[in-house]
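Among the features that TrEMBL reports, signal peptide is placed at 1-19. Here TrEMBL flags 298-346, 649-695 as domain 'LRRCT'. The region 'Disordered' feature in TrEMBL is assigned to 330-367, 696-735. Feature annotation from TrEMBL assigns compositional bias 'Basic and acidic residues' to 333-345. Feature annotation from TrEMBL assigns compositional bias 'Pro residues' to 349-360. As annotated by TrEMBL, compositional bias 'Basic residues' applies to 716-735.
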Amino acid sequence: LSWALLLLVAALALEGTVAARCPTPCVCDNLRTHVLCLNGNLMAIPSTIPQLTKKLDLQGNSFTVIPVGAFLATPYLTHLDLQRCKVERLEEGAFRGLGRLVYLNLAFNSIALLYQESLDGLSSLQQLILEGNRIEEIQPGAFGHLGSLTVLDLRANALVYLPDMVFQGLQVLRWLRLSHNALHVLGSEAFTALPALRRLSLDHNELQALPSEALARLDGTTRLDLGHNPITYVAEEALAMASLKHLSLDHAALQDVAPNAFARSPQLRTLDLRENQLRGLPPLAGAGGLARVSLAGNPLLCSCLLRPFHDWLARARVQVEGACAAPPALRGRPLDSLRPPEMRCGHPRLPPSPVTPPEQPRAAGSGQCPQGCACSPDFRHGSCENKDLRKIPWGFPRDTRLLNLRQNAFGTVPPGAFPGLKELVSLHLQSCSIGALRPGALRGLESLVYLYLTDNRLSTLAATAFEGAPQLAYLDLDRNAFTRLPMGAFQLLPNLISLHLQHNAIRELAEGDLAGAGGLCWLYLAGNAIGHIAPTALAPAKMLEKLHLEGNHLAEVPTASLWGLPTLSELKLSRNPIKRVGDSAFLPVASSLQHLYLDNMGLEQISPGAFTGLGPKIRSLYLESNKMSHIPDMSNFTGLDILNLRDVPFHCDCQLLPLRRWIDKLNLRIGATCGSPAEARGLKVKLSTTFQTCPGWGRGKAGGTSPNKTKAASKPSKKKRSGKSPARGFKKSRA
């Protein structure tokens, strides 16, 4: 009895000691090692919190600064809640010593900057909540020590730009939440080094276009939220995400989607396009796995123009949600209830654009919307589309960010055409019969990033045409009347990243044409009449990553012009009359080239040394629809994800045996078929028996070994036949 009494007294004494250490405004649950100090007007982290505490809730206090080593006295913490504590700064090393912490909530504070060492010491952290702060900048390396983080919540901050590698170190991150910021520019490598990311939330931002380059780095992401962004158009192959299954683009400003917009996202299953400005869609032939499309809330015109899309839905067995807005006879009818004969063409009266309210709204900034136009204060958009205007209207709200003036008849854009629009980011002047962009036309547009001048009559540009728009990064001049690049026009555009000059009448690229375009990354020149490229024509664009020259008049690979382009990763030469590819044709860009398009050229011969220097870096090679009967050895191309050899009349003789052996080792659908001899015509190269008479057939067949090889030596070849190969991400070969 005496021993029991002594133990009881000791326990009570210990409990009293622990209870005495509980800070005055707090509640300590010693059994569950929880401490709550809610709304206590604390000015500093209490120093007497029990050392063994695992969960500490400090919501609603007034700390302002979290100093270095603030929690060194509580090393066993696993959960820490600092919501609504008026925190403005996290000193470097503030959380040192919290190696067991798995959950940290810093939501709804006033943090404006994350320093490189702000989150040092949190090696076990799995969830970091930074929602509702004022973060404008994240310094590189800020997340470098968070190797266990799976959820990062940065919603409702003030982020405008994401630099390259900003999330480096987050190797197991699964969900990145960036909603409700002001993002409008993402570095092309912003999402590099996020191999485990499965969901990315970018909704409710200021993205004017799909950030294709940045998103292409996310091979494993399955869900992408891009709703509530002022995106007006989804271009060809705009989304290249190999694992993407669910895409949300709802409540944006979409007016058009290209037929092959999702062709490089083969796993896409659901597409949410609700509440946009779509009057129709083309057949989305590239999205072969699509199961559901939502179009509710769009002003759909159910005429014969929508019939190809409607037919495609039926053929592809894609479920659709949405109803007709016009013609009147079909208004309100669900798309899936329509029969093709009902979708007739006449001259139906189009419904009002969804951005046009019943009454003329007042401007979000100063002044009113110009008469006949519509201004949306929520999106800060202005629209005068298809109003038969002869003169560019004035009087848009000063905070307008997107201005849609397409399908009018301006003819000329005069100097100072857009007064007071210093915040304008995106300007749409497509199909406006513009033949002249006068010097100073863009004066004052100091925030302009996107300029669309597609489908006009421009044939030349003055050197000062873009004066006053130094931030211009994306310039679209497709379908105009240029016969050469407008020399000198890019000197005033130091931030130009993307230049579209497709479907003009350009005949050559001359020296000096790209002077001043030192930051140009993407150059699109498809569908011109280019027959010659001067050796130094592309030299100013030293940062060039994509060069699209398909559908021109080139008779040979412009090898000499490719020198000095150390970052070129994508080269398209499709549909040029190139009959022969000579030795070392791509040697100047061999160290950087990843995607090469040589299809539909009538190509008759590829020299044995044509691919000298190319190898494991090549990820896709397109050679389909050509006329050669043999191709050189490509066994060094061990990194291929895509190889297309369809519609090539291969001569299936012993000279082709190396290709036949190589195909056995690949795990790709390549489509190679025999064109000759007659007994093999139409057969897949892989299935042709003509190779069985070739010397060495038994040694090389299907990765086999010669009789003098040991059984152990043949095991790796068996592994390869089972589907393990350097080429990634494809099912068993159907070559």
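Quick reminder: no glycine exception, Cβ is built from N, Cα and C everywhere.
As the structure is a computational prediction, the values presented were derived from the model and not from experiment.
Residues of the same chain lying 6 or more positions beyond the ends of the compositional bias 'Basic and acidic residues' (333-345) and with a Cβ under 8 Å from any Cβ of it are 295, 300, 302-307, 310-311, 313, 319-324. Remark: secondary structure over the domain 'LRRCT' (649-695) totals 22 helix, 8 strand, 17 coil, with classes taken from DSSP.
Per DSSP, the compositional bias 'Basic and acidic residues' (333-345) is made up of 6 helix, 1 strand, 6 coil. Over the domain 'LRRCT' (649-695), the average per-residue pLDDT in this prediction is 85. Helix, strand and coil counts under DSSP for the domain 'LRRCT' (298-346) come to 22 helix, 10 strand, 17 coil.
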